């Protein structure tokens, strides 16, 4: 095994009398080590530490050589050699396995690197796409800004042209007014001169003919006196002779009495016929005194308002919910009522009576008008407060209303606003005999459903109705105050109607500054909590008033918000003024989302 460690076999000993091995001398490293240790004593600590790092220990080699000699003398040397070869092969296989593992790791690293490169490329493409989108958006914003600037420039040019035209028209109007005033002044001077000349000529003629005029007046007075005296004498003689003849002749007396009787009978008959004719004309042509407004055609209304009558005849039926903003469930229910009413009218069926209740200003009257127009019917509007002051005549007036309604050929929608004013409970409230009679007459005329007219009642306090009135109602619809979303839609609608459209039409002293209209409308919708559709429409009118009251006629964002805040403050003050009973009567004043607007 000496070849394994790089040593050759030792030569046999050459000396010694007994033939044994010569005792080994001291290893050269020992002497060297002793000398070296003696020299190291003279070195510093750092130098000794450096020398120890390069010092070679030969004892390990000696032990290895001794082990190799022992192994050569052993009988298992061959097996040890084979075992060493197997170990070497095993180490070679392990080395090859590590090489393959390293190569696999390299391939995995390459795949991972490719994946990372692909991911980086994808991120780069995504970033480039994002940059392109941002660039496109920025370009679009620039284009929009340029377009808005162009529109603003065009608007300024148009306003300047309009201002110049107004100044030119004003100058022309001033010149025309001065010309007309000058012409009128000259015409007035000429008239005065002509009148003065005529008066002078007449006065001169009167002075010249004064004696002749006085003589004519005296002669006319004498002739008139003679004529009157002769007439008195003749009338007296004729009446005396007639009375004498009448009293002396019995036939003439009978004839006179009969003639007077026939005359009285004719007068009484004419009076009755006139009354019947007047009632017929009132039922067929005119309208009852209780009806405040109607779309039904009448000759008297046509003569009073011919233009409005022609427009009404040319008006086409529209959708019942056109321009209406309300809660989806309420909208669906009202649409069903409109469809049923229209089909009932077309099929000549029996109309259903409806009660619409809720806070004021939620559009009950407007929907009733649109329901009648949509169904092809006429509508008539009366107020319950008009019945009480009529006293005993209320019963006759109610019968006239229903007689007039039964004569309608197209069908009539009779809308009674504030119906609770005369249809109150008879058991729990103290009402007069006249009101009780009027209520009984109303109940008598509405006892059965009618194919001629449809009854629609409106009230803010439906709990005050008499039980018999509730029994005659077929549908009850509650109109409640708008919610946040509906208030915003309402404000946008009225802002466009009362502000943007007049500004776009170029009306005098009406301009609007540029601001974010959408954000302001959303803000005002939150400020107007609890307000009805009518109050919001009045808010739109107040915006116009603020613009007209300003010095320059320009409506600013602050002016709009100030008006909205004032309206909200006034609404809260009105609610604070309500008594406890009124708050109970108006218990639905703070709830719901459904409402109407035009």
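Numbering starts at 1 and runs along the chain as it is shown here.
In case you wondered, yes, glycine gets a Cβ from its N, Cα and C as well.
Per TrEMBL, the range carrying the annotation region 'Disordered' out of 51-71, 72-92, 156-176 is 156-176. Looking at 112-141, 202-231, the range tied to region 'Disordered' in TrEMBL is 112-141. The average pLDDT the prediction assigns to the domain 'AAA+ ATPase' (350-483) is 88.
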